[in-house]
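Engineer: Pulled the feature table from TrEMBL, pasting it below:
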- 1-32: region 'Disordered' (REGION)
- 57-83: transmembrane segment (TRANSMEM)
- 89-109: transmembrane segment (TRANSMEM)
- 147-169: transmembrane segment (TRANSMEM)
- 181-201: transmembrane segment (TRANSMEM)
- 213-232: transmembrane segment (TRANSMEM)
- 292-312: transmembrane segment (TRANSMEM)
- 318-340: transmembrane segment (TRANSMEM)
- 374-394: transmembrane segment (TRANSMEM)
- 400-422: transmembrane segment (TRANSMEM)
- 450-476: transmembrane segment (TRANSMEM)
- 482-503: transmembrane segment (TRANSMEM)
Amino acid sequence: MAQTMINQRNPSLRDYSPNSSTYNSEKATMTDTGDHSQLAEINETGHVQEVERNFSLLSICSVGLVTGNTWAALGGSIATAIYNGGPPGVLYEFIAVSMFYWLIAASLAELASSMPSSAGVYHWASITPGPKYGRICGWFAGWWNTFAWICGTVATMSSIASNIAVAMYGLYHPGYVPARWHIFIGYVIVTWISCSIVLFANRALPLINNIGLAFILGGVFITVVVCAVMPSGTGHATHSFIWTDWVNDTGYSNNGFVFLAGMLNGAYAIGTPDCVSHLAEEIPNPKRNVPLAIAAQMTIGFVTAFIYTIAICTTAGTTGLLFVIFFPIFCTLIGTYITAGRCLWTLARDGAVPYSSWLHAIDSHEDPRDKSPFNATIACGIWSTVLGAIYVGSSTAFNAFIGSFVVLLTLSYLAAILPFIFTGRFTQSNQASGAYNNRMVPGWFVMNNFVGYIVNVISCLYIVVFVVIYCFPYAVPFNAASMNYSCLIAGALSLTAGVWWLVKGGSYKGPQAGVHGQLETDNGRNMLSVISIGRVDGLRNPLETEPKQ
C-alpha cells in the first residue's frame, strides 16, 4: 500500500478519523497548528469532502423513516392493492415481500459498512465486479438508481400529495369538480416547496426530518385510535374479512400468481433500503451509522405499516383516514429530494451524465453547513415538473414512468449484489498481503460468509424473478390505458444509458476502491495520510512516476 502525505488548502477541513477526539461530534472542526496550511479531507470515495457532516445517527434514522414512509406509501396504494386478494392479500403479500427486502437491506448494509459513499449502489456496483467490469456495471446501476428515485419517488410523492390536497379541497366545496390541470397545479406547488426546502435549508434538514418522523409516527397512532374507537356505521370488519376472505378481482385465474403480482404494492412501500446510504458523506462514522439507520428504517417501517394496514382493514368506510397521510407524504417528498439530488450529484461528479460540470457543483456558502448539491437538486425538480406536465396530457404515460420505480431500483441493487457473489464476497486472494478479490474490505457490519452467501443469493433470485412478474399487466383483459409499461420505460432508460456510454464511456473512470483518509499530527503539522488502491480526485500520488511529457 502506498502511504502519501497530501497537503492542500481547504478552509472547511474537519477531522473524522477513528482516533480523533472529534470523531463523534457533529460540530467539531479541525484547525491547523503548523504552517497555516489547510488540508483536504479525502473521504472513502476518493473525492475531496465537499459537504458538511450535518446529520447524527438520530437524524439519519429519521431520514430513512421519513423517506421510506412505509405505512403512508402502503396506504396510498391500497385502493389498487385490494384487487390482489382483498385485505388478506394486502397483509400477507406485504409480509412476504418484506422478508425479501430485509435480505436485500442486509446485503446493502454490508456494502455500505464496507464502503460508505453518497453514491450508494452506484459506487458498490463499480467496485464489486472488479476492475474489468466495474465501470460498466456501475454506470448502469447509477442510471437505474438515480432515475428510479426521480421518476418513482419524487414524482409519485408529488402526485399523491397533490391528489390528497385536491380531495381535501373538494370535501369543503361539494360542487367542485376536479380537473387534471388542477392536480398539476397542486403537483407543481408541492414539488417546488419541498425542493426549495432542500435547496435553501440544508443546515435545518436534520431537524426537519426529526419533525417529519413525529408526523409519521403520529399519523399511524391517530389512524389506529380512530379505527379502534370510532368505527363507521357498518361497524368493525369480521375476523375472516381481514385474515381469510380472499378476493381476486384481477382477472387472472391463478391465485398463486395473483399473490406474487400483488407483492408489487408492498415492494413499492418498503422497497427503499438504500435511501440513507446516499447521506454517507454527511454523517460521522458512516461505516457504523448507515447500517444502523437501514435497520431502523426497515424494522420500524414494517411494524408501523403492518399495524396501519390492519387498522384500516378492520373498520369499513375509513377511506377518509387516508387524508391523515398528507403531512407525512409531504415530509417524504422532502426526503426524496434529499436522496434524488445526491444520487444525481454523485453520478455527475464522475462525469456519467450530460452537463456533469454543472450538475456536480456544490453551492458555495460561508457556513459549510449550507453546502449541498444545489444544481443537481434543481435538476430533479425540473425533471419532476416535466413528468407532471406529461400527466396533464396523458395519465397513462405519467403512470408508466412512476410504475417503473420498483423495477429500476431493484435492478440497481442486483448490479451491486450479484457481482459481489461472483467475486467471492470478502474472500482474501492473498492471505499474506491481506488483499481482497474485489477490493471490498469488511466494515463494522459484516455477515458470516456462509450466511452472507445465502442472503445475497436469495436477494438476487428474488430480484431476477420478480422483475419479470412486476412487468405483467396489473389485470386482464387489458388495453393501452391499463397496460403495465414498466419494462418499456426500464428498457428505454437502459438504452439511453447505453447510448451515453458509447459517447462518454471511453473517458469515464468511475468510483474507485480502497481510499481511506486519516488525519495525523507530525512535528506540529496537520497532515492527511491516504492509503489508496485507487485514485484520489484532483491529487496525484507522489509515489507514482511523473507522466511523460
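Each Cβ is built from the backbone N, Cα and C atoms, and glycine gets one as well.
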Engineer: Is the transmembrane segment (400-422) in contact with the transmembrane segment (57-83), using three or more Cβ pairs under 8 angstroms as the rule and ignoring pairs under 6 apart in sequence?
Structural biologist: no
Engineer: Cβ under 8 Å to the transmembrane segment (181-201), counting only same-chain residues 6 or more beyond its ends: which ones?
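Structural biologist: Contacts with the transmembrane segment (181-201): 154, 158-159, 161-163, 165-166, 208, 330, 333-334, 337-338, 341, 372, 374, 377-378, 380-381, 384-385, 388-389, 391-392.
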Engineer: Could you check if the transmembrane segment (400-422) is in contact with the transmembrane segment (147-169), meaning 3+ Cβ pairs under 8 Å among residue pairs at least 6 apart in sequence?
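Structural biologist: Checked: the transmembrane segment (400-422) vs the transmembrane segment (147-169), in contact.
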Engineer: If you count every Cβ pair below 8 Å, which range out of 89-109, 147-169, 213-232, 450-476, 482-503 shares the most with the transmembrane segment (374-394)?
Structural biologist: 147-169
Engineer: Do any residues, 6 or more residues outside the transmembrane segment (89-109), come within under 8 Å Cβ-to-Cβ of it, and if so which ones?
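Structural biologist: Counting only partners 6 or more residues beyond its ends, the transmembrane segment (89-109) has Cβ contacts under 8 Å with 74, 78, 81-82, 120-121, 124, 242-243, 246-247, 258-259, 262-263, 265-267, 269-271, 273-274, 277, 290-291, 294-295, 297-298, 302, 305-306, 309-310, 313, 410, 413, 416-417, 420, 445, 447, 455-456, 458-459, 462-463, 466.
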Engineer: Report, as numbers and ranges, every residue of the chain located at least six residues beyond the transmembrane segment (450-476) whose Cβ falls under 8 Å of a Cβ in that stretch; write 'none' if there are none.
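Structural biologist: That would be 80, 83, 100, 103-104, 106-107, 110, 249-252, 257, 260-261, 263-264, 267, 406-407, 410-411, 413-414, 417-418, 420-421, 425-426, 482-484, 486-487.
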Engineer: Mind checking which residues of the chain, 6+ beyond the ends of the transmembrane segment (482-503), have their Cβ under 8 Å from one of its Cβ atoms?
Structural biologist: 136, 139-140, 143-144, 147, 151, 352-354, 396, 399-401, 403-404, 406-408, 411, 470-475
